[in-house]
Ligand SMILES: O=C(O)CCC(=O)C(=O)O
Ligand SMILES: [Fe+2]
């Protein structure tokens, strides 16, 4: 009973239009859950919108002539081909960090519906972003099923500020429909051949991510067998299916917050040395997913020898290896979180210089993950701050502040904040023009950026009267005044002001003597 009630609330918390009933959930053909990804989706929404390039397609189903979707993935599956659709790689890059986790969620739910498919996994055949607007042909999608070739699908509501209308209507196995006014981060999961439609948007824009999956048989049938197969996944014969299993397990483990064991970790580390780029990318990605689960996974992964191999992956320079470098940086950064021993080991294995080089990459994902890793490596670690100064990190981080990626700017500012408390780094930052880069961020759109910029400037202001004067000269006071009125960034603004005033007071005092 308790379990059922829990299911009901997860199912209906997000339903604005209907009181809680569980018709769809009970019949099991669909499920709407809140993922808790709202913040993450808000963070990536500008990237998604920047990467959005719709293509003209013609479907035989409810979509007809359709030109408001941008495709990130399109498998060459005969039944699933969409005439006119082409993959837009920038969208793939932006969605990459989200897709595996979401697919794993869909797969977990779908397996619970279909115990008979425990030996199967879901493989994405299409993923795309759709933008609905109140224009002809763009408001909604009429009633349809995703197709006989689609075994399960999901619709994720992306960050879509201020739109009206919209939402999803879904029919259960008895043909009864329900409307869901889904909110950012709500995930609507559909079983095979479930009728559904989106509802017309009447103002603003509604953004969704849609993924279609097919089931694929796993070579082994039980989790225990999968585990042992993954455990034996040798580099020499790690065919795609076997590595897929290792990744599947890692994703499941990361998703469920469970521990990775030594054998799994060792095999993922071996996969990092595979001769296939795709396998190395997947292994690095999986290790990064597992490393966030807490200290026991961090330790198991480090004890399996991951650090030197991951660091080695950072050392390539070609564009082709950019994603591999990004996931290796992400894994290293996560291994460093709250663990001084790992921070030191990663730095001593030579990670810092290549990470600084990666900051200057044209590939957003690579620069973002490098900035994030450097932030984690420098946090509460004076030795690494020193090494980052030697590697000339500050100028590269400052350059990142001018990048288009918001995530990159946030991580770079956070890393700069860490460095600002280290005297040598502080000098390096000031020489590299930190004040001129940071003061404009006091007026940034994002509260987090404004706060981080203010805190970093406050730290710099502590160093020398000349720096304080420079900050004032660059026009910080007006921005700080505006920030003081703003609840979100008032505290940081007040401490920056205090540091700046300290400068004024010191000057007054010295004139008195
Ligand atoms: O946008 C929605 O809510 C539904 C999208 C959908 O069902 C589809 O694209 O197949
Ligand atoms: Fe659909």
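Counting begins at 1 with the first residue displayed.
From the backbone N, Cα and C atoms, a Cβ is placed for every residue, glycine too.
According to TrEMBL, the features are:
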type   : residues : note
DOMAIN : 121-215  : domain 'Fe2OG dioxygenase'
REPEAT : 305-350  : repeat 'ARM'
REPEAT : 350-392  : repeat 'ARM'
REPEAT : 433-475  : repeat 'ARM'
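As a whole-number mean, the pLDDT of the repeat 'ARM' (433-475) in this prediction is 89. With helix defined as DSSP H, G or I and strand as E or B, the repeat 'ARM' (433-475) counts 34 helix, 0 strand, 9 coil. Residue counts of the repeat 'ARM' (350-392) by helix, strand and coil are 32 helix, 0 strand, 11 coil (DSSP-based).
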